[in-house]
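S.K.: According to Swiss-Prot, the record shows the following:
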BINDING   N221, M250, Y279, H315, S335, R336, G337, D376, G377, L378, R379, E415, Y442  substrate binding site
BINDING   H419, H483  Zn(2+) binding site
BINDING   C563, C566, C571  [4Fe-4S] cluster binding site
Amino acid sequence: MNVHTPRKDEALTVTTGPLPASTKIFTAPEGFPGLKVPFREIALHPSAKEPPVRVYDTSGPYTDPTAQIDLERGLPRTREAWLEARGGTELYEGRDVKPEDNGNVGEKHLARAFPVRNLPRRGLPGHPVTQYEFAKAGIVTAEMAYIAERENMGRKQAAANAAHRIAEGESFGADIPEFITPEFVRDEVAAGRAIIPSNINHPELEPMIIGRNFLVKINANIGNSAVASSVAEEVDKMVWAIRWGADNVMDLSTGRNIHNTREWIIRNSPVPIGTVPIYQALEKVDGIAENLTWEVYRDTLIEQAEQGVDYFTIHAGVRLAYVPLTAKRVTGIVSRGGSIMAKWCLAHHKESFLYTHFEEICDIMRQYDVSFSLGDGLRPGSIADANDEAQFAELETLGELTQIAWAKGCQVMIEGPGHVPMHKIKVNMDKQLKHCGGAPFYTLGPLTTDIAPGYDHITSGIGAAMIGWFGCAMLCYVTPKEHLGLPDRADVKEGVITYKIAAHAADLAKGHPAAQLRDDALSRARFEFRWEDQFNLALDPERAKEFHDRTLPKEAHKVAHFCSMCGPKFCSMKITQEVRDYAESGMADMASEFRNSGGEIYLEEADAAVKASNRALGGKAAE
């Protein structure tokens, strides 16, 4: 089902409705009866004699058939009541939208502003505002209780065999509990090991957590460019990404209408939204990096914080002294934000204003509880440049900035590479933990080889699974279009599914106590030839069914005990089932014979036969 919103120049369309055999359910955490935490339950065929399989759900109201979706009004502002109850914030008029906020685009090409304007909210002096500050004060927020319920999949006690699953895994020092309590969430946030990206101006948000001791999360990038896309396409891509499992979405728009595009996305997003503010700041100075100023950047931070952006990528670790370290690289500086700041540093021959004004940036972000995503502006753009001096010099600076941000009451995660061959991945995780005090790591892949343009979702998915296993908390997806063009709707889905696989593989390897439940359910369905259950339990039910039906399209084939790979005579699972049936039949026959013979364990005739056989084999000694 699609929802349309008329526009003066285009129709805004998003996909709604449940996935196959799926039902949206809600549970409430104990002690917080007003909270409704969403999950998806996948119904199985009655022959399975199993309950529905419950899975984590990022799709928001868009897959709830009872929800009334109105893109013109945005999603319900559920967290507003939580914020009011906590106190410590105020509504205020906010800044006016300026022509430069949308790239000085003329009226003809200006995207329509979001129809509803809500007053922005900011923190009051002397009160905790950020989730980090509440956690440090020993306060369990509604967001923390919501997250505990979400990470536990609504269970009220540890999953069966939880301790065994944890013991089987290799978590490389992570501390994954059998059961997550709100107090555990609070403790992880207070220690800086996890963040809850949740701007107080994004009340439509369904809270989630990013941290090494929780489920591995994934981020999907969307956004227009100077040559492609529109508001409608980007809102559609956001809804499409979360339908398939994106936990977070970054709006990396660099073209016209940046402000209005972002407003439409945030107001209709149930997941955290991140941005790179330097992109919009650059648009405000006509794309000339040397003309950037602290004042322009500061204004951009406030603009985006008032809109509700949940985390900012800020490349404050790109220092003047580090830029020459990239001179001998094969691919130089590949981060857009990093290259912008490097050019500014060289043009002015001084430290970046992101570095020199970092404490002021912290003060702004704390007022709105915008989380830091400290950008790796000097990440390697080829495996030849992996783990070089420039990359790790910046990482050490990010560790120093993390301590400053924590002291200011802000939440922090650290961005990582990039392009790294498999044998060089683990040292990245180890160094990040060492230098950044355990703050969550968030990596782009990494891509493990450079020879596969068009398939970089695969080259990076390999690295993502590995670094997720080693302790990376969030994986930024890579699509097949990486290095080639702006991703479209199909690319977004391909990237999200690839990274859901990587994140889930990491959860399994770490020994997450409930990660294997879905795998086991699908394996049972596969062995029992419950084809529809196999499709429905898959990350992409549509593709699974499509591939099956290309060669066996009839409904009768949905109950067949074979697929087109092996056919009816060579299906290993069918043969195995026949062997089992034969063995069970044979055991039943033997049991019947035993009972018919009187139930004696030793029979005289049999005993005599055994002795005769033993004599033939080796005389009386064999007896």
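Heads up, the Cβ atoms here are built off N, Cα and C, so glycines get one too.
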S.K.: Same-chain residues six or more away whose CB lies under 8 A from the CB of Y279 (substrate binding site)?
M.R.: L252, S253, T254, I258, R336, G337
S.K.: Given a separation of at least six residues and a C-beta threshold under 8 Å, show me what packs close to G377 (substrate binding site) in the same chain.
M.R.: H315, G317, V318, I333, S335, G337, G338, S339, M341, A342, E394
S.K.: When DSSP is mapped onto helix/strand/coil, what comes out for H419 (Zn(2+) binding site)?
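M.R.: Note: H419 (Zn(2+) binding site) is in a strand by DSSP.
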S.K.: Tell me whether H483 (Zn(2+) binding site) sits in a helix, a strand or coil according to DSSP.
M.R.: coil
S.K.: Counting across all protein chains present, how many other Cβ atoms fall within 10 Å of the Cβ of G337 (substrate binding site)?
M.R.: 24
S.K.: What's the number of neighbouring CB atoms sitting within 10 A of the CB on H483 (Zn(2+) binding site)?
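M.R.: By my count, 13.
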S.K.: Give me the Cα-Cα distance between N221 (substrate binding site) and C571 ([4Fe-4S] cluster binding site), rounded to a whole Å.
M.R.: 41
S.K.: Looking only at Cβ atoms, how many others are within 10 Å of the one on H419 (Zn(2+) binding site)?
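M.R.: Looking across every protein chain shown, the total is 27.
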S.K.: Rounded to an integer, what is the Cα-Cα distance in Å between Y442 (substrate binding site) and H419 (Zn(2+) binding site)?
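M.R.: Between the alpha carbons of Y442 (substrate binding site) and H419 (Zn(2+) binding site) there are 14 Å.
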S.K.: Just how many other Cβ atoms lie inside 10 Å of the Cβ on Y442 (substrate binding site)?
M.R.: 27
S.K.: Say we define neighbours as other CB atoms within 10 Å of the CB. Which of the binding-site residues N221, S335, R379, C571 has the fewest?
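M.R.: Result for the binding-site residues N221, S335, R379, C571: minimum number of other Cβ atoms within 10 Å at C571.
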S.K.: Cα-Cα separation of C571 ([4Fe-4S] cluster binding site) and H483 (Zn(2+) binding site), in Å?
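M.R.: Rounded to the nearest whole number, the Cα-Cα distance is 41 Å.
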